Structures are given as C-alpha cells and as structure tokens.
C-alpha cells in the first residue's frame, strides 16, 4: 500500500447529516503465466502513487496455499505430475488429485472476491476518469477457476468433468473489472523463473506454453464478447475440440491475441468436446447453461496485455499507462477505508 486512501466526509446534507465523500476507484487484476514478474510489478505500483492516486495491493495468497493447512498445494500439484510420469500414480488418480489441488488454489481468491466486490460501487464511469484510488490484485479468480484448470485439461492432467466443475465456481464480475495479462519473451521468462527458484515450483515448459495460449484465448474471449457476439455464434461450424486441438494448444504461442477473433480463438472452443455433446453432436442444455454463465461472468472484464520485459519500475509504468483506458467505478470513502483495512490484513496474513 502507498498513501492513505481518500476518507472523511465531504459535506453535510440540508438536514445536517454527513454525506459520504465519493471516491472513483480503478481496480486492476494483474494476471498471466507464473513467474513473469506481476507480483513485483504490483508491489512497485503500491510503493508510489499510480497516476497520482493512492494504490492498494492485494498479494498472492501464498500462506493460504503453503502454510495455513496441512498440505503445500504448490509442491503437491507438481509432485502429483512427477509421480504420474514415474509410474507411481495412475493417470485417473493423478487427475483427481490435481483437481483437488487446483480447487485449493481457488478458495482464497473466491473468499477475497466475495469480501471486496461490494466495496467498489455499482456506478460505472467513463473511461479516462482520473481515479482517486487504484486497487491492484495479484490475479483474478479467473486464473485459478478457468485459466490454470484449462491448461491442465489441455495437457491431460485434468478431466473435462473437473474443468467444468472449476469453471462453474467463477464468480460474476461487477462492472469496472480490468485484467492485465502480463507477457514476456520465453527466454527472459525462463531466466526469471530460475532466478526466483520458488520451493516446490518447477519450470514446466509444456505448462508454460499452454498457459500462454490459454491467456491469449482469454484476451480473445474478451474481444469476442465486446464485439457483441455470443458463444453460440458460429458454434455449429466449430470443429470438435479433439486431440489435435489439444496438441496445438500445448505448442508455444500457437494462439495469439487478436483484435477481431473468431470463436475458435476463444476459451469457448475447447468446450466443443464429445463429453459435453449428445449422440447427435448437440451440446447438452446443462452444459450450454454453463457456457452462458461463463459468458456473463466474463462480460464485465476488460482485458489488456502488458509486456513486462523492463525493470520493475518500467513494468509498473507500463501498467499505469493503461489506466486511462480502463473502466472505473464510483464508490464512497467508507468503502475505500474498508478496502484499505482489507489490503492491510491480507498482506499481513498471506505473507510467507
């Protein structure tokens, strides 16, 4: 966190009752493949005012994953894949364990989202409105509920059944959400991963390649929905998501962000799979409802991309330069103070 958030009462009403000061909030979710530098960028943004406004930072819930409970989920999910590859764990058992660990990644994000989403206010403002407060989150729930499970599914570490179950937990985003998908060239990405050498974490190039593609799909999904289209547009002509599709999705940068994407460039394409279709090749209604829900939950998210190849300060400046393009909401000073308290508590409890 940087400077204190806007607080106090701006004026009193005609009756003499205090009127809460209005506060314009920009909220940013830094996301992307692990090890790029988003956490460092978020901390730097919080160490000084972003665009002149106070900045709060909510870090990754590392303690929740590693020390608060009996199992370290980061070490556990990688160890599960190692045991499968060594023949010590059957593929079906490994898939079930992987899904369990992936759900553990999601829990703290869902809790945090539930606690904070009502504090941002419901009135969306014109893009370019100067914020009174910038709130930076280290990942959105879409990371652990959709993107990472999707990558695990495409690799073969999780089933479609488990993926759909995870996707269903994604909370609906209120107006004003901004995701910045952080990117980096592959060589520098690997160098940074080796430098940080996080305990239990592995440099899994297949997972990294797949995640890069999935995050491109996320950006394309946002662009697709922003154009006014829905997942049913072009569904009939979309080919099945078969082993060829999965193989392509694991190849480095096989998917790229597109300003005018087709349905095949989006996250929705991977769900046209036999497990979700009837004997005629028609998607079952219950699964169609799941895709409807996913579409509604993603619709209020604006997705941006930012290259983090510079110094930490340069990376923070890159993200800050996007703020005039971002959505913002109108809240009040009491909610802003609640966000400040929440950020202070989350930082204190989630550090390891």
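Just so it is clear, glycine is given a Cβ too, placed from its N, Cα and C backbone atoms.
Its Cβ taken as reference, residue 36 (ATP binding site) is surrounded by 26 other Cβ atoms within 10 Å in the chains shown. If you look up Swiss-Prot, you'll see 32, 33, 34, 35, 36, 37, 38, 39, 192 marked as ATP binding site.
Around residue 60 (active site, proton acceptor), the C-beta neighbours below 8 angstroms that are at least 6 residues distant in the chain are 39, 138, 139, 350. Here Swiss-Prot flags 60 as active site, proton acceptor, drawing on sequence analysis.
Summarising the annotation, Swiss-Prot assigns substrate binding site to 78, 102, 198. Here residue 102 (substrate binding site) comes close to 77, 144, 148, 149, 152, 158, 162, 166: these same-chain residues lie at least six apart in sequence, with C-beta atoms under 8 angstroms from its C-beta.
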Residue among the binding-site residues 34, 78 whose Cβ has the most other Cβ atoms within 10 Å: 34
Residue 78 (substrate binding site) and residue 36 (ATP binding site), Cα-Cα, nearest whole angstrom: 19
Site diameter for substrate, Å, by largest Cα distance between 78, 102, 198: 18
Residues close to ATP site centre defined by 32, 33, 34, 35, 36, 37, 38, 39, 192, Cβ within 8 Å: 182, 184, 189, 308
Secondary-structure category, per DSSP, in which residue 32 (ATP binding site) falls: strand
DSSP three-state assignment (helix, strand or coil) for residue 198 (substrate binding site): coil
